[in-house]
Amino acid sequence: MNIRNLNELNIQGKRVLIRCDLNVPIKNGIIQSDARILASLPTIEFALQKQAKVIIMSHLGRPKNECYEKKYSLFPIFEYLKKKINYTKVYFSNNYFNADSINPGELLVLENVRFNSGELKNDAILSQKYSKLCDIFVMDAFGSAHRKQASTYGIGKFVNIACAGPLLKYEINMLKNVLKNPKRPMISIVGGAKVSTKFNVLNKLSKISDTVIVGGGIANTFLAIDYDIGKSLYQPEFILEAKKLRDKYNNIVIPIDSRIGKNFSDTEQSIIRLPSKIQKNEEIMDFGDETIKKIVKIIKKAKTIIWNGPVGVFEFPNFRKGTEQIAKAIAKNSGFSIAGGGDTLSVIDMFSIKNEISYISTGGGAFLEFIEGKKLPAIDMLEKNFSQQILKNIF
Ligand code: AMP
């Protein structure tokens with residue numbers, strides 16, 4: 001990778017714009033998990049200590065019409081940072097294309113980039129506007145590195161110097177090392193609801209892992225090869241692909257029993273059923289006890305674990321057991337464990353096992369795309385910008 005890194009640059013007195021991934025769960029203005037903010041903090045503080053004029057930007061959630069929506073405002077994150085970084089001035093701006101400048105060693109938090117028209121479409125005019133906010137652009141949002149958007153990708157074409165932040169670099173090196181030389185047996189656990197995006201990575205994971213454990217909507221899609229699974233979440237167009245993977249690799253563990261409910265509700269009672277006994281009006285929402293036992297045994301023996309996604313609807317107490325037992329088994333395992341994805345981070349927080357996981361990635365989609373072997377757009381952007389720097393003889 002021919003890219004510039006933040007620690008190679010003299011940033012003193014410069015306007016340094018850092019694209020972070022501060023996309024944390026917020027309920028009624030209260031941050032539910034600060035894992036991503038904490039992961040970004042060392043980069044922000046590094047730039048502050050070097051006396052840069054530090055500006056940070058991030059997306060938060062999925063605002064509908066590229067305009068302000070209170071529930072997606074970064075204001076609670078600004079308030080959080082103001083408390084953490086109490087040794088300097090911290091400002092917030094929602095009108096930042098006309099914002100006043102700040103002094104060296106101070107921090108400016110920009111409002112959600114997804115309120116800006118053109119952000120998602122990687123609009124050139126918006127990308128150029130971002131580039132004018134800074135002397136140096138730092139891409140540190142590993143969690144958004146798979147997005148070709150104005151604040152993660154487009155800006156790179158217009159800004160003189162774009163570089164990788166320490167978090168982005170660290171995450172990529174960590175994943176590279178795990179994939180290059182894993183201790184065996186290596187197992188992968190893939191759960192969650194985003195069936196279509198996760199199916200792409202299953203092929204690669206099945207190829208490189210000794211065992212692949214599927215949960216959530218992915219497991220349901222495998223079950224749907226042989227059973228009618230009622231109104232469970234699954235993706236019919238992936239059944240054929242699931243069958244091919246199952247028969248080709250023979251290392252995918254499919255649930256042998258499931259917890260089902262009739263209503264998708266947090267008060268719904270759960271019943272354990274064999275897959276062949278699921279009724280039309282029932283929905284699989286978690287593993288059954290036999291499946292949990294079988295998988296916990298596999299986890300115990302693993303030397304490397306890659307984990308993405310809850311295996312059930314862990315938000316509902318009666319459908320939490322599978323995710324909880326698996327999370328706790330991963331925590332107990334003394335091998336190397338790597339976990340990634342927004343909901344995986346919430347699970348880790350819920351069961352307080354943060355310190356027991358060897359490495360927690362801030363990325364979900366980026367984590368999966370990297371494992372899949374795809375070149376992340378953020379890396380492409382940094383490489384292209386580096387070539388521009390050479391052409392323009394910036395150093
Ligand atoms: P993802 O973002 O793909 O990791 O999906 C996480 C979401 O998947 C969580 O909100 C879970 O509640 C949900 N989920 C897990 N298992 C199931 C299931 N069997 N049916 C419906 N949703 C599920």
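Each residue, glycine too, has its Cβ placed from N, Cα and C.
Close to Arg36 ((2R)-3-phosphoglycerate binding site) in the fold, though at least 6 residues off in sequence, lie Cys20, Asp21, Leu22, Asn23, Val24, Gly143, Leu345, Thr362, each with a CB less than 8 Å from its CB. Taken from TrEMBL, the feature substrate binding site applies to Asp21, Leu22, Asn23, Arg36, His59, Leu60, Gly61, Arg62, Arg114, Arg147.
Taken from TrEMBL, the feature (2R)-3-phosphoglycerate binding site covers Arg36, Arg114, Arg147. DSSP assigns Arg114 (substrate binding site) to a helix in the three-state reduction. Every protein chain shown contributes to the tally, and the Cβ of Arg114 (substrate binding site) ends up with 23 other Cβ atoms within 10 Å.
Look at Thr344 (ATP binding site): DSSP puts it in a helix. As annotated by TrEMBL, ATP binding site applies to Lys198, Glu315, Gly341, Gly342, Asp343, Thr344.
Same-chain residues that are not part of Asp21, Leu22, Asn23, Arg36, His59, Leu60, Gly61, Arg62, Arg114, Arg147 yet have a Cβ within 8 Å of the Cβ center of the substrate site turn out to be Ser58, Asn112, Gly143, Ser144. Closest to Thr344 (ATP binding site) by Cα-Cα distance, out of the binding-site residues Gly61, Arg114, Arg147, is Gly61. The 6 Å Cβ screen around ligand 1 retains Glu315, Asp343 from the binding-site residues Arg36, Gly61, Arg114, Arg147, Glu315, Asp343, ordered by sequence position. For the pair formed by Arg147 ((2R)-3-phosphoglycerate binding site) and Lys198 (ATP binding site), distance between Cα atoms is given as 16 Å, rounded to the nearest Å.
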